[in-house]
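A.B. asks: Pulled these features from TrEMBL for this protein:
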REGION    1-72  region 'Disordered'
COMPBIAS  59-69  compositional bias 'Pro residues'
TRANSMEM  331-348  transmembrane segment
DOMAIN    331-463  domain 'SSD'
TRANSMEM  360-383  transmembrane segment
TRANSMEM  395-414  transmembrane segment
TRANSMEM  434-455  transmembrane segment
C-alpha cells in the first residue's frame, strides 16, 4: 500500500517574526508586488502618503508631551516666582520677621485718630446715598425752615429733632390723673429740668431752660396738663371736667401725651375720666452747630442720670445711636476671646508626638500675623481719614478666619516637603505649592468685595472697604514669618 507523502513542515520563523496577515499569505518572493486588494486601508493610506515600510511594522505611538513655557501657564508662572520668594525668606529670615513688626507698630499709631474718625450717624450709614427722600427733605427745609429759639412747632419738624421723652405710669395701674400722681410728676419734671452741662464759658452750667426750644419767648411745656396746673397739683380736680380727648381746648392734640385713656359715657363721650400713662417730651434747640453740640451733651447727661436716679421709662433722639455704639464696645472683649480660642485651636491642630516636628509656635505666629494685618490696615485707613463706623467692628473676625485658613495651607505644604532638605529648599517648595492657591482665592475675594462697594449704602461701603483687608493679611502670610 502506497502512502502519500506529507507536506514538508514550514521553516521556523525568525526571531521577531510573528504569525500575522503576512505569515498567513506565505513568504513573498523578492521584488514581488502587493496588489491593492491585498492591502488593508491603513496600508493603502501609508502607500498613498509615500510612507514606506513593512506592513509588519507597528503603528507609531504618541509623541513626547510638549513642554509648556513658564509664561504660557499663569499658575506655573506664579509657582516659580513664589518659589523664589520662599527660598529668599528661608535664606534671609530676619528682615521678613522684623520689618512687618516695625510696619505694624508705625501704622498702628493711626488708632490715635479713632475718636475723631468715628461715624455713628444711623441715618447717614443705613440710608441710600443720594436717595430721593434726602433731596426732597432738603427742598422742604428750604421752604419750611424752623427756628427752634423763636417759633418752634413740632408739626414742622422734618426730622426727629433733639428730644428726651419720659413715660410715667400710675403705681396702681388704674389712673394717673390724680393730685398725688401729679405731685410726683412735677418733682420728676423739676429733676429733669435741673440737669445741666458745661457751658461755653469756664465755670458756667447750662440747664434745660437754657437749651429748650422756645415759642412766644418761653420754653415749651413737656406736657399740656403740667402747664395747665401751673405747678399746683390741686388744680387738676377743677381741670378734669374740662379735659377732652383727643383734642383739648380746641387746639391741643392730646393723642401723643395721654395713654390708656378711658372716656366718659353718654353725652360727654369725649371727656376723659381716667388715663393709665402720661408722656413728657423735652425738645432742645438745633439751630446752630453750637446748639446741637450742647443739646447732645445734655441728652448724654440725661441718659446717665435719669436711669440711675429714677425708675421711669425713657427714650431720647440718640437712644438708638447709643445702643449701636454700646454694641460696638461690647464686641471688643469678644474679639480678644476669639483670638484666644483661635490660637488654642491652632495649637491643638498643630501638635505632634514628635517634638522635632511640632508646629506649636508656627500656629501661634500664624494667628498673630492676622492680628498684625488688622492693626496695620486699620491704622493706615485711620491715617488716611477713612470713617470708622459701627459695622466695621465685626471686620476683624472675618480677617482672622481668612488669615488662619491660609496658615493651615502653608503648614500642610511644609509637611509635604522632604525633611532632609535644608530650610531654604523646603521654603521654596512650600511657597511654590501653597502660594498659588492662596493668591488666586485672595484675588477672587478682593474682587468680590470691590464689586460690592458699588452699593449706595454707606454702612455697606465702609464695611466692604475695611473688609478688603484679607489681601493685607495675605501679604503678612506671604512675607511674615
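Cβ from N, Cα, C; glycine included.
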A.B. asks: Give the one range among 331-348, 360-383, 434-455 whose Cβ atoms make the most pairs under 8 Å with those of the transmembrane segment (395-414).
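C.D. replies: Looking only at 331-348, 360-383, 434-455, the most contacts with the transmembrane segment (395-414) come from 360-383.
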A.B. asks: Taking helix as H, G and I and strand as E and B in DSSP, count the residues of the domain 'SSD' (331-463) in helix, strand and coil.
C.D. replies: 106 helix, 2 strand, 25 coil
A.B. asks: Find the average pLDDT over the domain 'SSD' (331-463) in the predicted model and report it.
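C.D. replies: Residues in the domain 'SSD' (331-463) carry a mean pLDDT of 82 in this prediction.
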